[in-house]
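Peer 1: Attaching a single structure in structure tokens format; questions to follow.
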Amino acid sequence: MLFPTLNYALFFVAVFALVWSMPTLPARKAVLVVASYFFYAQWSTLFAGLLAASSLTNFAFGVWLASRPADRRKPILILGVALNLGLLGVFKYYNFFLESLADLLLVLGWQRDMPFLTLILPVGISFFTFHGISYIVDVAREEIPPTRNPLDLLLYLAFFPQLVAGPIVRAAQFLPQLHRLPRFSEVQVGPAVVLILGGLLKKMVIADALATHLVDPVFNSPITAGTLDLWMAAYGYAVQIYCDFSAYSDIAIGSAALLGYRFPLNFDRPYRATSFSDFWRRWHISLSSWLRDYLYIPLGGNRGGTLATARNLAVTMLLGGLWHGAAWTFVLWGALHGGALGLERWAGGAWRRLPALLRGLVVFHTVCAAWILFRSPDLASAVDYLLGLLGGYADAEPLTNVPLVALIALALASQFMPDRIGPRLGHALDRLPWWGWGALIGVLVLTLEGLGPQGVAPFIYFQF
């Protein structure tokens, strides 16, 4: 069940009506849990059972951790984190590591049959695993009390707006919201609707159009593409992945807000960043802050000098790359970002003294180069693509045209819009009469139908 579809719209309207008709907090939680598991079961009822088992296991670990003195929690915490990572590892990384081991043994002259497994990756497993880990770690650190109601943790891990592709909402941000009954008068309907409509526009009109007409054809066969198309597809993918992923986040945040719950901001115009650290403060904020708090700082953060900091950054970003997918392209994507962050810290004042425009161009083009690794199906294709950027291939029949260039340029220019435009539009919508809402939604549906490509592609981050 994809966000930009009639099925999701009907589902959400039904959930919205049921939730706001529930007079008590337990009834409202029960409705949301049932709705969330129904939503997830559209992909697989088996995986819905897996999600429930993961949630109840983390619930039990939270209670267990809280029952022990602080100095006796570490073994329990290690076991809980290991179980969460083990679940993720079996489904996502087991075959990848075996394939890598088989390749290494083959290089050494040994050929072995490996016990590969035929597994389907559960949608959203990387996200609900990180939710579970953050919950038990925060309980162990006494940053939050353990929930005594299993329904709360079932809802925290399964809440349908953020279940399959984030944002990664901390337990400390979400669980306290389950302790009181939201009132509809507190909901900022206008800003929530602006987020949802903006997300639909970014996904259906920009991201899917670029994917269909430029990015997918070029990345699927870079050696048959002309140099111009290779450059424009690299820029196009930077725009596509931003519009695709931020669209999901916007729709998720807006959907949650209409149900009375607040999610944190997940994107803040990342392509206007003038440093690599600034980029990661703006891109997938919920993941970068999770990696900072649960991996980078426990490793030592920036407390051990330049070399230790560079090591901690490299480890964090390598694992962040691996979190995205079981492939060496993702590992190298993380390594490139880790190296850039380390070099930036090493350069210090010399880097900061460069003109902001120059730093912004360096950051943007480095990020685009990293996206080529991220998007390519394998390392060989990534190398072919990067060589083609240098003029390695004769120009074929070009795919690039004026509308596509304009779409990319407008999307990048939107990164520099004033902060106040979105909130002002949201508050203006709050004052619309009912017939104004009807007219607006009707115009939007017709616009999306006319401008968007036929059908709706899955969100990119569904695969993670």
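Glycine is treated like the rest: Cβ placed from N, Cα and C.
Automatic, uncurated: that is what TrEMBL annotation is.
As the structure is a computational prediction, the values presented were derived from the model and not from experiment.
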Peer 1: From the ranges 39-64, 221-246, pick the one that TrEMBL records as transmembrane segment.
Peer 2: 39-64
Peer 1: Please identify the range among 193-216, 313-336 that TrEMBL labels transmembrane segment.
Peer 2: 313-336
Peer 1: Which residue range, 9-37, 386-414, is the one TrEMBL calls transmembrane segment?
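Peer 2: From TrEMBL, the annotated transmembrane segment range turns out to be 386-414.
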Peer 1: Under 8 Å between C-beta atoms and at least six residues away from its ends: which parts of the chain pack against the transmembrane segment (153-172)?
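Peer 2: Residues 15, 29, 32-33, 35-37, 39-40, 51-52, 54-56, 58-59, 62, 123-124, 127-128, 130-132, 134-135, 138, 143-144, 147, 178, 245, 248-249, 251-253, 255-256, 259, 261, 263-264, 266, 284-287, 290, 459, 461-462, 464 contact the transmembrane segment (153-172) from elsewhere in the chain.
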